[in-house]
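As recorded in TrEMBL, the features of this protein are as follows:
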ACT_SITE  35  active site, proton acceptor
MOD_RES   35  N6-(pyridoxal phosphate)lysine
BINDING   130, 300  substrate binding site
DOMAIN    231-355  domain 'Alanine racemase C-terminal'
ACT_SITE  252  active site, proton acceptor
Ligand SMILES: *Cc1c(COP(=O)(O)O)cnc(C)c1O
């Protein structure tokens, strides 16, 4: 018997969300961000969903190779660039563009004598203080890259720390526009939140990630209200039913106590499948299409749900952990995290199927 825990990936939803991103992009070209195994959806699914993207952006060289092996001929941008000098050979061989965010990466390029040429995206540290050149060093870095015969084009990029908060990105936006003013090359700046909320950040290319998978980049604004469709459904089935009396408890730590007689269902899904262990009592779950709530602590392989709103549900009933009925962002919020983390954390043991 196959364990019923399954993720279903809808490339139709991904196509829809990409079209939605394009409508916000207002003519800017779209890098579909497919890092972290396409936010847990799988690189091959991403290719089906985002075949209409202008380019694909990611971090992992193994996955860039898989994109090429699967036939993607369009632009590919490596968002963290090279991790070691040998990555330059891989980039040239596979036709990848590289972010250049550090003096070390710049020196590797200056020293590189390999075959081929590598387009680069020079990254500005516009205030997030993770990767990128400080504004005072940005133009000199641009000039050094522009002088290299091995580098055909030098684009510029930066990444927002606070684009999901109203007004939060203004300083970083001005910093980038000032630092890149007058420099040759295309510019890219906007993540999902900036693409939706900051028209001035669209520039030549936008870089949406999470919205393409149908989750919201904003706390308090649902994906549905943004016109997005969930690309991932995590589903399972009831493998057990228990009748509780008042005072009975459920699961490890006995964190839920029945207030009166009630039925609970045992679902074949736990934290080893990627469901968050910190999801508290009350986190939404759907059983046979009816929204109900998690009760008791999430275990490695199982979780338990209140069957009061679905009295007919029995062993074998379908359970949606997240998807169209239970938005992933609601599960994330209840669990003190964001939809991004839940989709990326989908575990390898979960069977993944393409939606019909
Ligand atoms: C992940 C990432 C994005 C996409 O961010 P979302 O918030 O998912 O839209 C864009 N740019 C860079 C550099 C990234 O690392």
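Numbers run from 1 along the shown chain.
Including glycine, each Cβ sits where the backbone N, Cα and C put it.
Where TrEMBL records a feature, it is marked here on the structure.
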{"residue": "35", "record": "active site, proton acceptor", "Cβ contacts under 8 Å, 6 or more apart": "57, 58, 59, 60, 63, 79, 209"}
{"residue": "130", "record": "substrate binding site", "Cβ contacts under 8 Å, 6 or more apart": "159"}
{"residue": "252", "record": "active site, proton acceptor", "Cβ contacts under 8 Å, 6 or more apart": "296, 297, 299"}
{"residue": "300", "record": "substrate binding site", "Cβ contacts under 8 Å, 6 or more apart": "270, 271, 272"}
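According to its DSSP assignment, residue 252 (active site, proton acceptor) is helical.
The average pLDDT for the domain 'Alanine racemase C-terminal' (231-355) in the predicted structure is 98.
Helix, strand and coil counts under DSSP for the domain 'Alanine racemase C-terminal' (231-355) come to 19 helix, 45 strand, 61 coil. Mapped onto three states, the DSSP output places residue 130 (substrate binding site) in coil.
For the recorded site, residue 35 (active site, proton acceptor), the DSSP three-state label reads helix.
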